[in-house]
Amino acid sequence: MGPLQREDRPALGGANVAPGSSPVGVWHQPQPPKEPAFHPMGWSLPKEKGLILCLWNKFCRWFHRQESWAQSRDEQNLLQQKRIWESPLLLAAKENDVQALSKLLKFEGCEVHQRGAMGETALHIAALYDNLEAAMVLMEAAPELVFEPMTSELYEGQTALHIAVINQNVNLVRALLARGASVSARATGSVFHYRPHNLIYYGEHPLSFAACVGSEEIVRLLIEHGADIRAQDSLGNTVLHILILQPNKTFACQMYNLLLSYDGGDHLKSLELVPNNQGLTPFKLAGVEGNIVMFQHLMQKRKHIQWTYGPLTSTLYDLTEIDSSGDDQSLLELIVTTKKREARQILDQTPVKELVSLKWKRYGRPYFCVLGAIYVLYIICFTMCCVYRPLKPRITNRTNPRDNTLMQQKLLQEAYVTPKDDLRLVGELVSIVGAVIILLVEIPDIFRLGVTRFFGQTILGGPFHVIIITYAFMVLVTMVMRLTNVDGEVVPMSFALVLGWCNVMYFARGFQMLGPFTIMIQKMIFGDLMRFCWLMAVVILGFASAFYIIFQTEDPDELGHFYDYPMALFSTFELFLTIIDGPANYDVDLPFMYSVTYAAFAIIATLLMLNLLIAMMGDTHWRVAHERDELWRAQVVATTVMLERKLPRCLWPRSGICGREYGLGDRWFLRVEDRQDLNRQRIRRYAQAFQQQDGLYSEDLEKDSGEKLETARPFGAYLSFPTPSVSRSTSRSSTNWERLRQGALRKDLRGIINRGLEDGEGWEYQI
């Protein structure tokens, strides 16, 4: 049930009955509202029946339902309160008035199964308000109420057990279970769906409700009474999946461990490996959602420490579900294809960053550089074929004085005669074969990922996929036009040249300095520039029409920039981009309105809108620059996964070591050696920079360098000094520096070092 307001009212006695209600609490169903006689916009509806009228009525009903979901829910909750006050039985259950409830239940005419506006019974209301005494009276009088679900669209399927569980009323849960309440009942109402406007998602079963609210006692009670920990909701999510989606990470980790302790060995597959309808296990879902706390918690359960030697620790990390080798839906691919920015933070976690670094340095970067070099040579070959395309002098007479064409395309029979033509033919065949290979490589990925994900994800190179596929089609169109002797091959050839060379920017993602800039360009084009083009089109249409009207009566020979409407549009576009200056002829008098209109156009277009575009692009650059390393790391992962799928296995061996060598089965592991004292010198520099008093923490830093750094908490106590009384701006600056210092110290002392993609010696990988 929804969040109802608890109103302070006097206890309901035997005579205190709502006005207009029967003393026995019989509740009558309200009449359904009548259809409106008029359309919401004021149009009367015809009375004749027919297909058009039926469609019209459906459209009107659909238009009526386009109100806010939250507003509809609020109205139903208000109606629910009204119905409760109109029904003595429901009101007694709400007020926990056991005496009045007993009197009402003794009347033969009392309908104990009556329902409120949400389809709730009196037992639902008693459970909602934690009224244990009223609930016991109702269950004694009508035990079947325990099994009754709510019937409204919002709360369909919810039983009293669901409500008692979510309120953490342990005594009521015990009473309901003792009377046979179903532990497998499913709450399928729209309130319980996983939607953006829903504030909670607790699944559908009472067990998932109990796990999400963090009640360990209720979880144990439900499991003891037969609750299935492997039960899945309509989305295929188990209780472990649902815990991943909860905001309270601490309770989620505790409940996760508790539920796994009940997962016996009578199943072939562990509960952690049960996928939902999207094929995601709880571990993969944690990565896709960017739940770092749960991801680290699960990784702690999957790692095996080999040995510890002072500050050195050798750890084996299980790569199951992480590595893209042998997994069509690996965690690496899921992270780079999701739209959630938080998921990219998983790429900075151990062992994901080490695995990505290992793959990129060993195989990804060399193969990607070779692929880029091959493509550049290929596009140069295609360019040379276009530059030296077969042409011959034009022999037809020119009738149009403005036509200055001198050469024309050769026929197919004349195009391949000389040895120079044969050499060009080899290049053309290479270009055609390359275009076919591009289509064969790209099209399968479209069907595998879907059109939206393949072309819409910037990290995957979405716009570049559009460019390269369009380029390949233009090459094939040029070939067809050449074979059929159709004039105009210059059109697809020109498009192919522009697109082919623009696609060279795709290979900039292999370099940390250039990769993020390609994303900036994409975001500016498809974000800032697209929005700006709408405004620019409106301004150009308005002023071009004005210029055309002004010069409509003038001699076009003296000033022909706005002679006809298409020319006026093009000239205004050039003026907007300041490609040309304002047209003027000082030998004749120009219309006065031209000067006024052009002055307004110059102010709006040049001074206002162009500077607005520059400001928008600057803001986009600032936002992307703050995510530069994160975006480049995601580009590296996407490129690595792409190359791994395309190349044969003999050219890309699997990374890691097989668990059979360590008695860990057939799973693959990555061994990471962590040295926590690598950044001690950098810590000392930070500490000296922020030192403000004598030797409060320098003695600790001068201790034996072999001593193991445990946590940052003791250093935080030594390095926290009282802030002197200074101005507000100085205090704010000091606070920010303090946060920076604390963050740097605590991060380094924990041994969490972001060196997954650097060339330094911060991490060592031994395979």
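Here the Cβ of each residue, glycine as well, is placed from N, Cα and C on the backbone.
Identical topological domain names are assigned in Swiss-Prot to Val183 and Val451, which places both on one side of the membrane. Looking at the stretches 133-143, 474-484, 562-572, 584-594, the one that Swiss-Prot records under the feature region 'Interaction with calmodulin' is 133-143. From Asn248, Asn397, the position flagged in Swiss-Prot as N-linked glycosylation site is Asn397. In Swiss-Prot, the region 'Interaction with S100A10' annotation falls on 637-641 of the listed ranges 637-641, 647-651, 667-671. On the 0 to 100 pLDDT scale, the repeat 'ANK 3' (156-185) averages 92 in the predicted structure. Counting same-chain residues at least six beyond the ends of the transmembrane segment (489-508), those with a Cβ under 8 angstroms from any Cβ of the stretch are 368, 371-372, 375-376, 379, 382-383, 386, 389, 409, 461, 464, 467-468, 470-471, 474-475, 477-478, 481-482, 514-515, 517-518, 521. Outside the transmembrane segment (367-387) by six or more residues, the chain places 424, 427-428, 430-431, 434, 475, 493, 496-497, 500-501, 503-504, 507, 510, 639, 643, 647, 651-652 with a CB less than 8 A from a CB of the stretch.
Listed in sequence order, the residues of the same chain lying 6 or more apart from Asp581 (Ca(2+) binding site) and placing their CB within less than 8 Å of its CB: none are present.
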